[in-house]
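**Q** First the structure, which I've put down as structure tokens, then a few questions once you've had a look.
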């Protein structure tokens, strides 16, 4: 199961496809999200 845009995420949760976890929220990878 993956998390959608804007959902809270953590070290052990995965955001869906093109999203990544940034400051505890799933955001679009293009914004830039460190190396997660």
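Backbone N, Cα and C define each Cβ position, glycine as well.
Below are the features I grabbed from Swiss-Prot:
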- 2-16: disulfide bond (DISULFID)
- 9-21: disulfide bond (DISULFID)
- 15-26: disulfide bond (DISULFID)
- 20-33: disulfide bond (DISULFID)
**Q** Within 10 Å of the Cβ of residue 21 (disulfide bond), how many other Cβ atoms are there?
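**A** That number is 20.
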**Q** Taking only same-chain residues 6+ apart in sequence, whose CB is under 8 Å from that of residue 16 (disulfide bond), what do you get?
**A** 2, 3, 4, 5, 26
**Q** Near residue 20 (disulfide bond), how many other Cβ atoms are within 10 Å of its Cβ?
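**A** Counting Cβ neighbours of residue 20 (disulfide bond) within 10 Å gives 21.
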**Q** What is the interatomic distance between the Cα atoms of residue 15 (disulfide bond) and residue 21 (disulfide bond), given in whole Å?
**A** 6
**Q** Validating a neighbour-count step here. Other CB atoms within 10 A of the CB of residue 9 (disulfide bond): how many?
**A** 21
**Q** Of 2, 15, 26, the disulfide-bonded residues given in the record, which has the fewest other CB atoms within 10 A of its CB?
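**A** Least crowded of the disulfide-bonded residues 2, 15, 26, by Cβ count within 10 Å, is 2.
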**Q** When DSSP states are folded down to helix, strand and coil, where does residue 16 (disulfide bond) land?
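**A** Coil, per DSSP.
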